[in-house]
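According to Swiss-Prot:
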type	residues	note
BINDING	GLN37, LEU38, ARG39, ILE40, LYS41, ASN69, SER108, LYS137	4-amino-2-methyl-5-(diphosphooxymethyl)pyrimidine binding site
BINDING	ASP70, ASP89	Mg(2+) binding site
Amino acid sequence: MYQPDFPTVPFRLGLYPVVDSVAWIERLLEAGVRTIQLRIKDKRDEEVESDVIAAIALGRRYDARLFINDYWRLAIKHRAYGVHLGQEDLETTDLKAIQAAGLRLGVSTHDDMEIDIALAAKPSYIALGHVFPTQTKQMPSAPQGLAQLASHIERLADYPTVAIGGISLERAPAVLATGVGSVAVVSAITQAADWREATAQLLAIAGVGDE
């Protein structure tokens, strides 16, 4: 049963781009995206604070669900919609502080054991990956594939879920057919020949999410 310790999110978050700049946040919100994540890696808080502030302001302007990856202190300070954490971040993050601030929490998982760990934290949603081979980041685990993804979805039942990893425009319908609530994409948009067209097509497939 879906009873998170954090504020709830819709079962369907819709198309969920993960991008590394405020410029991409603005472009995609203007294009109609309503769930998005700012993921800037390996910088100090003070180096990214201005970007976090700008991204959160854009999220508010477009009434969007904007998640900040990793920089949870800044997300709390500037009142983001939510925070997304990797497994390695769970042990070093003050989850109670995120909870007390009223922010949503998403957690990455790669196998059943990590799903168990995520469920223990009772987050707002659980991300499942990587589904297909991906060039976006180095992954220590093997791709799960659609059958394993479907198995995870069946196990998680009514828990909001996000599939991530190597999801292209062509693969998105099959991913959604597993019952997953939403699809996260990176290069399918940022490396597309025409990002506007790619975004429009992905929105037509995955939607903007439930209210």
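In case you wondered, yes, glycine gets a Cβ from its N, Cα and C as well.
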Problem - Pairwise CA distance, LEU38 (4-amino-2-methyl-5-(diphosphooxymethyl)pyrimidine binding site) versus ASP70 (Mg(2+) binding site), rounded so that it is a whole Å - result: 9
Completion exercise
Expressed in Å to no decimal places, the gap between the Cα atoms of ASP89 (Mg(2+) binding site) and SER108 (4-amino-2-methyl-5-(diphosphooxymethyl)pyrimidine binding site) is 10
Problem - Rounded inter-Cα distance in Å - SER108 (4-amino-2-methyl-5-(diphosphooxymethyl)pyrimidine binding site), ASP70 (Mg(2+) binding site) - result: 11
Handout entry: Nonlocal residues around ASN69 (4-amino-2-methyl-5-(diphosphooxymethyl)pyrimidine binding site), in sequence order (Cβ under 8 Å, 6 or more apart)
Key = VAL18, GLN37, LEU38, ARG39, ILE40, VAL83, HIS84, LEU85
Completion exercise
Within 10 angstroms of the C-beta of LYS41 (4-amino-2-methyl-5-(diphosphooxymethyl)pyrimidine binding site), the count of other C-beta atoms across all shown chains comes to 9
Completion exercise
For the binding-site residues ASP70, ASP89, the largest set of other C-beta atoms within 10 Å encircles the C-beta of ASP70
Fill in the blank from the handout: Taking only the CA atoms, the spacing between ASP70 (Mg(2+) binding site) and LYS41 (4-amino-2-methyl-5-(diphosphooxymethyl)pyrimidine binding site), expressed in whole angstrom, is 8
Completion exercise
The answer, for which of the binding-site residues LEU38, ILE40 has its Cβ ringed by the most other Cβ atoms inside 10 Å, is LEU38
